[in-house]
């Protein structure tokens, strides 16, 4: 009797298109800006026996926990789904693991990586002083109920930069997408074999935004 197939079912998030944008952004933030210096990036040729895995990105978090973003490809070749990818988002410790949503993944990453407003910024904003810190991961706050202090600091951060009159909002949008732009530029430079000087620390657009996840 012929043995049937053994299926492994895990929750995944489908990603339209290819994964170069995600890989380029991770490598840019790990090797150039050093924002993700402690993150472990495992490309497909180093994964080993898991041939369906395109890459693994492991974020060490606080308290000996980790967040892993594992990208899959060639999931159902018998149905012709060769050009599609998906990702699995897993939070785990030594004795426990669970799958998380992109919003939760953003919050976990922001709790360890990328700076946010410090406690003293509210007092500085009230006194009309220049803010000494800013939030480089605004997408991580999207799923949360924002406090009045956070909303006020966001407004100060957007409008308090030295910009021409009426250009502050447009500049904020440019900064929000800068992470994607530098990722594309970094990917092109790697393909051409060139090298560029280190770029300044960039805002992180968020896991769902970068991957283009379709819920």
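Yeah, the Cβs are placed from backbone N, Cα and C, and that goes for glycine too.
Classification of residue 98 (phosphothreonine) by DSSP places it within a strand. What Swiss-Prot records for 98 is phosphothreonine.
The motif 'HCCH motif' annotation in Swiss-Prot covers 110-141.
Annotation source Swiss-Prot lists motif 'BC-box-like motif' at 147-156.
Annotated phosphoserine per Swiss-Prot: 147, in sequence order, evidence recorded as similarity to another entry.
The annotation region 'Multimerization' is assigned in Swiss-Prot to 154-167.
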Cβ contacts of residue 98 (phosphothreonine) (under 8 Å, same chain, 6 or more positions away):
90, 91, 92
Average the pLDDT scores across the motif 'BC-box-like motif' (147-156) and report the rounded value.
64
